[in-house]
Amino acid sequence: MKANFGYITPVPLNMELIDISLSKTQKRTPTVIHPQYNIVKIRMFYMRKVKHAGNEFASRLGTILTDFPRIEDIHPFYGDLINVLYDRDHYKLALGHVNAAKNGIEKVSKEFVKLLKFADSLYRCKQLKRAALGRMASAAKKLGKTLEYLEEVRMHMSRLPSIDLSGRTLLVCGFPNVGKSSFVRKISRADVEVQPYPFTTKSLYVGHFDYKYLQWQVIDTPGILDQPLENRNTIEMLSITALAHIKAVVLYFIDLSETCGYSVEEQMDLFNTLNPLLSSNMVIVLSKSDVLGLSGMEDKKAIMSFLEGKKYMEMSCEKEENIDAVKAMACDLLLDERFERKINSERLSEYINRITIVRPKELREKAESFICSREVTEIENEQERYLIPEEYRYDIVPEIVDGKNVADFFDPDIEKKLKEVEEEEEGLLPMYCKTYDVLSPEERALKEEVVAGIERRRIINRLREKKRLPDSWKHRSRNSGGDIAVHVRRDSKTQVAQPPRLPSKKKARFDDKHYYDRKPKHLYRGRK
């Protein structure tokens, strides 16, 4: 079970609550009404505003009531933690005040909606609406101190550590400045502040680590002083609450060197005081063994009688001695205890008879298959397989040097042989590269003439198939020559000569020249 209070919605202050609710009402309801409207429409207009305002106030206050946890519904550890940090009575009174204001606003909304049903004019409806919103705002304004307190509680609760109360847990406790935070930093990933003065840790810190492929959490608690319960402050009560409610292996730290400022007798007395809160799973850690160990004490009769029958181990965080051993001892102790508790539980006894151990069938060993292989009569000598002269065959020469085969460069006559090969190739070159002329000069001239004739006929056929005139010219009459564009063939591209442009109408008014169209309009008008 893990509680996380970061989901709580921020609590608005009283004036913020009024501004939010009234602005939402103004935005989400109609805003224009006239006296000449029907009285039923006027009543519905103002009833809608009063209802919406009441719902806005009630929903905002209801969110506060549902988000904050009820002490009776959460784990006792968190219930006592809220009591220590925020005072249980003050916390419940604040939520009760918010609930009373919510009920009062809902009552005001219903009351004024009923009065608006009997209003007989626009003026009376408006005054009833103002009275309703005023009473709602007054009820919200009275929540000023309460909402401030709840916002502080919310901000503090969101910073509380997330502790898995049913998980595997190690709990570290003891006097201030005995080395608890240093141990937590060594075995986990928690960034706990470590300082040479006492009461450095003022709240609960949670670190996580892995042991035997399981996830573990270690809780660092503030230092505790040996004094009556009613005299303990809030910081000490955090440790007392954790010891009382969290099922874990308790690591009680004792500083034998007394550099923490407290004697060994005081630390043993504190252990006896906390003994009712400690479980049977407990390990006493003798810290700062690099300063003074158990063997270096002069009078160790009292401490030995105290440690009799208890699990203990010396440890030094400065020199990192026995840190893993202490962690392993505590973790194994908790694993054994959890295993025994599950075995002895009544719930398991109902199903223990149904559990069967299933083992896989043992397979018979396969007989070796008969493999027919050739018998090796002699060991071949790798040296004899190479084509190397007898006098060089058994020399110890590497095969590969600098990525090159040594045998390629081993022949002393290689240059002479290369020269002979090149001369032989030069002698064979004329024989293989000789060209033969098959045609005589007369036959070659005749061939060229035939090829030229074929090409000439191909060009003539292509020009014959080409159209002499465009298709658009075939359907034009001879008397419409003024509209025919003049085509000029130049560089095998057809260019269209545009007719001369006529002057604009504005310029024609000031010109003596007159331009007539090819078809006058008055001849084709149809009626004079």
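Note: Cβ is positioned from N, Cα and C throughout, glycine not excepted.
Per Swiss-Prot, the features are:
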- 174-181, 220-224, 287-290: GTP binding site (BINDING)
- 509-518: compositional bias 'Basic and acidic residues' (COMPBIAS)
- 519-528: compositional bias 'Basic residues' (COMPBIAS)
- 168-335: domain 'OBG-type G' (DOMAIN)
- 470-528: region 'Disordered' (REGION)
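Here the features listed in Swiss-Prot are painted onto the structure.
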residue	record	DSSP (3 states)
G174	GTP binding site	strand
K180	GTP binding site	helix
T221	GTP binding site	coil
S289	GTP binding site	coil
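Non-local neighbourhood of I224 (GTP binding site): C173, G174, F175, P176, R232, E236, S239, I240, L270, L274, each in the same chain, at least six residues away, with C-beta under 8 Å from its C-beta. As a whole-number mean, the pLDDT of the domain 'OBG-type G' (168-335) in this prediction is 85.
Cβ neighbour count within 10 Å across all protein chains ranks T221 highest among the binding-site residues N177, T221, S289. Counting only same-chain residues at least 6 apart in sequence, those with a Cβ under 8 Å from the Cβ of K180 (GTP binding site) are V172, C173, G174, T201, D220, T221, G223, F253.
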